[in-house]
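Student: One structure, pasted below without further comment.
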Amino acid sequence: MAAVKKHLRFALVAAITIALLVAGSVADESSEDIDNIVIKTPLDIPRCDSPLCSLFRIGLCGDKCFCVPLPIVGICVPSV
């Protein structure tokens with residue numbers, strides 16, 4: 001049970017890190033257009049159909065999310 005919690009905690013940290021990296025790369029590309037800043041709230045971010053996914057079963061996350069592979073399972077991350 002402790003190993004599962006450890007992997008889920010790692011998955012959450014990985015998802016947050018990836019989301020921040022994606023947001024940072026998007027911000028770097030559009031730094032010239034300061035008038036077009038859009039701040040997304042949790043209500044604007046799409047919900048995934050499932051929190052966990054597998055690369056062997058495509059489509060578990062839904063249309064607006066993608067699967068981030070981890071050592072055992074993957075996690076669904078919203079496409080922002």
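Using N, Cα and C of the backbone, Cβ positions are placed for all residues, glycine too.
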Student: Consult Swiss-Prot and report which candidate among Cys48, Cys53 shares a disulfide bond with Cys67.
Tutor: Cys53
Student: How long is the line from the C-alpha of Cys48 (disulfide bond) to the C-alpha of Cys61 (disulfide bond), rounded to the nearest angstrom?
Tutor: 5
Student: Where Cys67 (disulfide bond) and Cys76 (disulfide bond) are concerned, what is their Cα separation in Å, rounded?
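Tutor: Between the Cα atoms of Cys67 (disulfide bond) and Cys76 (disulfide bond), the distance comes to 5 Å.
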